[in-house]
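J.: Input: one structure, supplied below.
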Amino acid sequence: MSSGKRPLPSTTMSPLIDRSAGGNAPAPGYNTTSSDYGHGKDASVTKIAADVDIERAPSHLLADGDPVKGLGDLDGDLHPGPFVEYIGTGNWGRFLGYWSVMTGAVFSFAGVESLAMAGAETANPRRAIPRACRNVFIRILLFYMLAILIVGMIVSSDDERLNDESGTAAQSPFVIAVSAAGYPAVPSVINAIVITSAWSSSNQALLSGTRVLYGLALKKQAPKIFLRTTSWGVPYVAVSLFVVFSLLAFMSLSSGALTAFFWLMDLVGAGVLVSWICIVLNHVRLRMALRVQGIPYQRLPWHNSWTLYSSAAALFMCSIILLTNGFYVFTTGNWSASGFVSSYLDIPLVLAAYLIWKYVKKTKIVALKEIPLEEALLQAELKDALDQS
């Protein structure tokens with residue numbers, strides 16, 4: 001496939017690319033005029049309210065017993081069913097169809113880890129971060145997973161309307177589902193929601209990226225020019241760099257919009273997987289270091305006995321998905337150089353940066369018994385005690 005466009009078993013999501021790209025515009029201005037995180041979250045309230053309505057309207061179809069197409073009439077046959085054949089046939093083809101959407105799923109969940117970064121800027125991170133983690137879990141379960149389940153029971157994966165390439169909300173499975181419930185004005189509403197969602201998402205991405213770059217500069221792991229801030233404390237140089245790269249989103253306004261979208265989705269998805277791998281790897285080492293040093297894990301502000309094993313499982317799964325997310329380019333007739341690069345470019349870039357730093361700075365991996373956990377815990381506990389007094 002010389003175009004580099006990823007072959008799909010079925011179109012199951014709506015990029016709404018032109019709206020998303022345009023919705024990014026206000027984010028740089030917000031990030032260069034405010035050092036506070038959270039004041040731009042009115043868009044989140046809008047999304048939650050809209051999501052509740054989107055879940056409620058299709059639910060009427062299910063509750064009233066109307067025939068649906070996604071999973072099929074729940075009292076009858078399932079067609080085409082939750083698993084669609086892709087590249088192969090039979091059970092193998094259905095597994096490949098399931099596995100082929102993993103990168104898209106990762107792309108959709110990108111950003112959930114950034115709450116720790118925002119929480120670090122709160123007055124009491126030891127309390128704020130655990131509370132935020134619980135809230136995020138509930139929101140994902142109720143406002144994301146439940147919505148996907150309901151829409152999946154109504155909209156069939158082979159619905160021709162999903163292949164609409166107009167760039168509007170017409171091909172959104174949510175719009176199709178709600179339209180079936182008798183709400184013809186929904187596409188226009190969804191377009192407006194997509195714009196607010198893009199703004200909110202861009203704001204979060206700019207905050208996370210610029211704070212990471214600023215933190216690297218503080219540790220002398222990035223050029224010191226990124227330490228420059230405005231009088232409000234905003235790292236404007238770091239923000240400017242990320243704004244330049246964000247302009248790549250406007251590639252999706254070209255004639256090959258869907259192809260550009262999948263390139264960006266693959267790149268971002270792989271980058272998110274690399275981030276998650278680093279996070280869970282650090283957590284595994286933290287729990288192992290606590291065990292080696294004889295420090296009870298109960299001293300952590302948010303703890304349980306099984307996270308060592310769940311983090312190890314997450315590390316394994318993220319690694320497998322990262323290594324296989326571009327498997328389709330290795331199948332007969334589907335080779336694409338651009339598809340291969342967009343799926344795997346992040347791996348050599350990250351490894352090269354890590355190994356070059358190790359070689360130039362002559363640093364070593366800190367042994368588990370030498371990690372200063374006791375000192376860090378004492379400092380955090382002392383600050384917590386002072387805040388409560």
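In case you wondered, yes, glycine gets a Cβ from its N, Cα and C as well.
Reproduced below are the annotations present in TrEMBL:
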type: COMPBIAS; residues: 1-14; note: compositional bias 'Polar residues'
type: DOMAIN; residues: 83-366; note: domain 'Amino acid permease/ SLC12A'
type: REGION; residues: 1-38; note: region 'Disordered'
type: TRANSMEM; residues: 136-155; note: transmembrane segment
type: TRANSMEM; residues: 175-199; note: transmembrane segment
type: TRANSMEM; residues: 234-254; note: transmembrane segment
type: TRANSMEM; residues: 260-285; note: transmembrane segment
type: TRANSMEM; residues: 306-329; note: transmembrane segment
type: TRANSMEM; residues: 335-357; note: transmembrane segment
J.: Along the domain 'Amino acid permease/ SLC12A' (83-366), what average pLDDT does this model show?
T.: 83
J.: May I ask which of the stretches 136-155, 234-254, 260-285, 335-357 has the most CB pairs under 8 A with the transmembrane segment (306-329)?
T.: 260-285
